[in-house]
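Trainee: When I checked Swiss-Prot for this same protein, it listed these features:
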type	residues	note
ACT_SITE	K10	active site
ACT_SITE	D135	active site
BINDING	P93, I94, G95, G96, G97, L98, G99, G100, G101, S102, S103	ATP binding site
Amino acid sequence: MPSTWLAPAKINLFLHINKRRKDNYHNLQTIFQLLDYCDKLTCTITNNGVIKRTSGNKSVKQDQDLIIKAAKALQQYTGTTLGANLSIVKNIPIGGGLGGGSSDAATTLVALNQLWDTKLTQAQLMKLGLNLGADVPVFIFAQSAWAEGIGNILSPIKTPDHYFLVVFINKHISTKEIFSHYALTISEPQGKIANFSELVNTHNDCLQVAIKLEAEIGVALEHLNTCYNRVGQARMSGTGSCVFNEFLTEKDALAAAKKVPKKWMSFVTRAINNSPIYNWAVAKR
């Protein structure tokens, strides 16, 4: 019987790059804010051990799809003889800095761990997920979080029940190109914050490089900064190319959305502190 699971988007409320590591990753500090804007994964368990994608983004080859990689990683790690047919409905823009691929992989791991009854703990799933991508663990953690390390050292954080207008300029920014760019800003690490209200002097160290690579990001930010009733300045999520405004009410966010140029994709979404997969994740801690 098919089982359907949600994979939420995230935004980075800020992103400070602290240090380039010997493994070519970067130490960073950020807040991952989960959103109620989701991809939808449907799993059908099989007895033949075969893992395949039955529908989804055809522009991504099956063997390169993170949901397939995640399923095969869990299968190999646990030794299960079960298989799965996986179908994904993509809503989260690809290559926009919203973590869609990582979230899909995380939901795949959590879902199949439950459906295959492989009994891995959340910590084990997070370790397995880290091999698939630095952002995968936070989606298995299943809570909005203060993050350090390469984004894998996580502490839950409660954020306000605000709304966001997210704009995707329909252009992909290469994370690898951002982090290898000569102009990437490095910030001094801040002390760990105890609550959201302690955020001061935050920014996104990737922003100026992203604008150098794709000037339209700057244009989108300028547009968002003309919106009424926004909370603070418009920001970029992750390494881009999505930018966003924060609002106290859905009404204000929807009013701003009506003025977004039609050439860009946009959506209004709400901040959530717990992921839709939170209950399954905590059951396996």
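Every residue, even glycine, has its Cβ placed from backbone N, Cα and C.
Keep in mind that this is a model prediction, so the values were computed, not measured.
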Trainee: Among the binding-site residues G99, G101, which residue has the largest number of other Cβ atoms within 10 Å of its own Cβ?
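Mentor: Answer returned by the neighbour count: G99.
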Trainee: Could you check the binding-site residues P93, G95, G97 and say which one's CB has the fewest neighbouring CB atoms inside 10 Å?
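Mentor: Comparing Cβ neighbours within 10 Å for the binding-site residues P93, G95, G97, G95 has the fewest.
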Trainee: Looking only at DSSP and grouping its letters into three states, which state does S103 (ATP binding site) belong to?
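Mentor: Looking at the DSSP assignment, S103 (ATP binding site) belongs to a helix.
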Trainee: On the three-state reduction of DSSP, what should I expect for D135 (active site)?
Mentor: coil
Trainee: Nearest of the binding-site residues to K10 (active site) by CA-CA distance, picking from P93, G95, G97, G101?
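Mentor: Among P93, G95, G97, G101, G97.
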Trainee: Tell me the Cβ contacts of D135 (active site) under 8 Å, same chain only and six or more apart in sequence, or just say none.
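Mentor: Counting only residues 6 or more apart in sequence, the Cβ neighbours of D135 (active site) under 8 Å are K10, F32, G99, S102, S103, G151.
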Trainee: Tell me the Cβ neighbour count for K10 (active site), meaning other Cβ atoms within 10 Å of its Cβ, over all protein chains shown.
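Mentor: Looking across every protein chain shown, the total is 27.
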